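This report refers to the structure that appears directly beneath it.
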Amino acid sequence: MKYSTVIFLILIIGSLAATEEQQIEAVQGLVSRVLGKQYVDKFGFHIVAKEHPHREFFVIQKTTKEDYVEIDGTSGTALSNGLYMYMKYYCKSSLSWGENGTGDNLAIPSPLPAVSSAWKQEIRAEYRYNMNVCTFGYSYAHWDWKRWEREIDWMALNGINMPLAFVGQEYFFYKVYHELGLSDEGIFRHFTGLHFQPWNRMGNIKEWGGPVSLTFLHNELLLNKQIVERELSFGMFPVLPAFAGYVPDELVKVYPNVSYSISPSWTNFEQPYGHLILLEPVDPLFKKIGAMFIKEQFAFYGTTSHFYNGDLFMEMDPKSMDPEYLRSCSHGMVEAIKEGDPDGVWLMETWVFINGYIWKDESVAAFLGGIENVEDAIMLDLMSDVSPIYKKAGMNKKRFIWGSLPNFGAVKGLYGDLKAIADGPLEAEKEYPEYFVGVGAFMEGIDNNPVVYDLIFEMAWRKEVDLKQWVRDYAERRYGTNDKRLMAMWEMFLPTLYSQKTHIYPHPPMVWEPFFNREYGITDFDVVSKGYDIIREVANEYVGAPEPFYYDVVDVARQQYQNLFAEALRVFGAHIRECIPFGKEFFFMKDADVYDSTIKLVLCKDEQGHNRRCTIDELKEECLKVPNCAGFNSNGYLKSYIRKGETTEGTDLYVRHGEYVGNTCRATAKTVSQYLLRIIKSLDQLLYTNSNFQLGVLLRGTAEKAKTAADTTHSLEEMTKAFLFSAKNQVTIWGPNGEINDYSAREWNGVVGDYYYGRWHLYFDMLFDALDHEQALDYDVYHNASIAYALKWDASDAMYEVHHENPVPTLNRLHEELFGDMAKSFKVMKNFAGAESEVYYVSKTTVPAIPSAICLADPECAGFDSEGRLYRFKVTPEKKENVDLYIRLH
């Protein structure tokens with residue numbers, strides 16, 4: 001491809017530190033945008049000097065004038081944070097993610113509530129970091145300035161002062177590579193498409209999802225200028241990109257004598273999309289490019305915050321673990337940054353060290369040893385609450401930011417660990433007071449679990465928190481009511497859904513590639529059922545509820561439908577295994593694993609009764625005892641599903657294959673499969689009621705973004721087609737061959753009712769066709785058909801409506817259709833159960849709603865009991881205390 005020369009005018013932002021007047025103006029602008037112009041004169045803001053060089057504070061002053069509140073703060077972000085704490089704890093209002101303000105409950109009383117005594121709050125965390133490199137693909141890629149402006153306001157209110165500013169950096173790389181003699185064609189073959197840019201920046205992939213145009217890169221950079229200017233106006237420190245060594249293939253042809261290595265495949269991406277060239281940090285050209293890249297940013301922005309993020313070896317192993325090599329790599333990174341900006345500070349993600357099998361303590365120490373001065377770097381510990389690595393930073397005398405990574409791939413779900421978030425920063429600060437410098441949220445995607453982020457940024461200043469009271473307060477300000485039922489719901493969620501250590505792979509079975517044996521672990525079936533009943537009951541009474549309440553109505557119901565699907569699928573699997581049971585022979589797969597189908601971890605005992613790892617023979621015995629065990633890995637995890645393992649050095653898989661024994665299950669399984677498809681369509685209808693759960697939002701924004709890319713070299717039609725494909729591909733199979741299939745699965749209207757419905761329909765058709773031919777379904781054949789189906793769907797020009805309405809009428813109708821009327825369908829016998837020999841399935845929930853719905857959908861189910869057991873063909877009542885038996889009437 002050829003591009004005409006673009007004359008790029010240097011646009012100067014000005015000095016880094018906004019003046020006191022500019023910061024106050026920024027906060028007043030926020031008040032006007034968020035609360036309305038009429039509130040600007042009701043707040044007085046004053047910038048005051050810090051009392052500690054590394055700590056900010058705000059003061060909400062005692063009221064001396066009716067309908068007027070004064071707030072002091074050490075910066076625009078401190079003032080904004082003080083304003084939001086006033087809104088939350090005096091006005092009982094909240095602001096969170098949501099299309100067109102649907103995440104906000106801004107019922108500000110009139111006159112403004114008086115402050116009886118001044119609230120002075122020290123902010124212990126010097127830096128409050130926000131964003132993940134991946135968020136720019138999973139959530140931000142289609143955003144325009146209006147949406148960014150809203151996000152910056154949200155950040156300021158939450159006290160965030162260190163946001164990642166990564167939009168448009170490719171234009172700088174284009175200029176640098178062009179100056180170094182690379183061709184336009186060579187440069188643009190390196191760049192990925194719109195939604196895949198983060199993984200190109202991290203050196204994971206190239207070219208996939210493109211093309212992009214130079215006009216697009218230029219316009220994205222202009223957008224980042226607006227973003228950075230606004231962030232600076234609040235006194236924030238935007239984190240700009242650093243050169244991390246990954247270069248176009250053409251560079252080593254133009255410079256054949258440079259030192260480089262070929263990166264390993266990232267998640268099975270192969271040429272031409274994988275195996276990027278990593279310029280060795282010890283090579284002089286690495287320092288030259290790194291300095292050129294930073295100087296380009298200085299020239300464009302006028303200055304920078306002096307903070308730069310770039311990561312070597314992101315989810316890829318170094319070519320050598322030799323200590324001197326590792327030390328030279330980090331040293332080379334620091335030198336390149338310093339060459340471009342003598343005051344530059346490297347912000348490095350500790351995610352690089354997440355693989356403890358590769359990154360032993362001595363290797364981490366060697367790598368960090370290349371950073372000679374403590375002020376030259378800050379470690380970003382992405383997942384301190386689950387897998388803390390900040391201790392390694394502290395032990396090696398490096399500064400760090402304690403972080404939480406509450407979301408992977410922008411997958412929805414009700415989950416988190418509020419206690420770990422409440423305790424973690426305090427523990428880190430206590431353990432390493434000299435090196436703890438902040439807290440951060442490192443989510444891969446937004447628009448989920450707002451309660452988690454609400455707490456994370458309060459922990460920048462909190463010294464303690466009563467979580468039970470805190471969630472009650474959260475519910476009141478989010479829902480605009482102190483209804484005791486909603487308070488009880490959140491108190492129930494706290495020790496269950498929001499006390500979960502695992503955040504990765506929370507996918508429900510509906511959104512994974514279909515398989516009859518899928519398991520679902522990251523939920524609490526009983527708690528969700530009870531929460532669903534509560535919020536549906538309140539929704540039918542609550543007139544004039546704020547939009548966040550309806551968001552949560554849909555979100556809790558979404559989870560209930562997913563749980564219903566997961567349990568119905570387990571019943572379906574129980575029937576299918578009668579026709580295709582797993583064989584007793586195990587097949588060996590070396591250096592492989594799967595992460596989305598764990599049944600449980602099996603541990604054995606030594607002679608002293610202590611836990612030990614089981615032998616392979618012991619694991620085989622345990623797997624054979626579990627009807628839905630499809631195999632296990634050498635670490636002792638039993639798996640419900642194994643198709644083809646992901647390459648995982650040091651872990652092996654042992655796989656059982658299904659063996660056809662007869663077709664007696666077909667009729668019943670077919671009926672249950674129709675119910676599963678009905679659940680999918682029902683969920684899609686529910687999601688259609690709320691614009692925060694709709695594919696149309698992504699596609700509409702993406703189509704608008706394509707207009708900024710069209711030029712004389714790339715038509716609007718070409719750019720629209722390419723951008724929409726990258727959007728759909730990311731939320732489906734993520735790559736040309738499903739390299740990380742379903743990783744970024746979205747429970748959105750359009751994706752659910754069209755893509756997932758079609759994929760499950762295809763699976764059922766092929767499965768029953770195989771049974772009719774007296775054989776087990778060849779899952780590799782199905783997988784290939786599924787990928788072909790996905791690519792066709794990704795390439796379609798279908799657009800989806802953006803729609804918003806009160807969800808309650810639809811919810812009530814769907815509830816009746818899916819769950820039916822238990823009173824009319826079952827006879828209840830107190831203190832009775834059925835015969836154990838009649839049990840064919842045990843549900844994961846004892847709340848009657850889901851077992852009753854599944855029983856009605858299964859023609860062979862004769863009843864169930866309050867302990868979750870379903871009875872087949874008949875029920876023989878037997879006395880059993882504290883158990884209720886439900887006998888099906890028709």
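Cβ coordinates come from backbone N, Cα and C, glycine included.
In TrEMBL this protein carries:
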SIGNAL    1-17  signal peptide
DOMAIN    25-114  domain 'Alpha-N-acetylglucosaminidase N-terminal'
DOMAIN    128-463  domain 'Alpha-N-acetylglucosaminidase tim-barrel'
DOMAIN    470-570  domain 'Alpha-N-acetylglucosaminidase C-terminal'
DOMAIN    666-815  domain 'Alpha-N-acetylglucosaminidase C-terminal'
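Under DSSP, residues within the domain 'Alpha-N-acetylglucosaminidase C-terminal' (666-815) fall into helix, strand and coil as 100 helix, 2 strand, 48 coil.
Mapped onto DSSP helix, strand and coil, the domain 'Alpha-N-acetylglucosaminidase C-terminal' (470-570) counts 62 helix, 1 strand, 38 coil. In the predicted structure, the domain 'Alpha-N-acetylglucosaminidase N-terminal' (25-114) carries a mean pLDDT of 98.
Residues in the domain 'Alpha-N-acetylglucosaminidase N-terminal' (25-114) partition by DSSP class (helix H, G, I; strand E, B; coil) as 33 helix, 19 strand, 38 coil.
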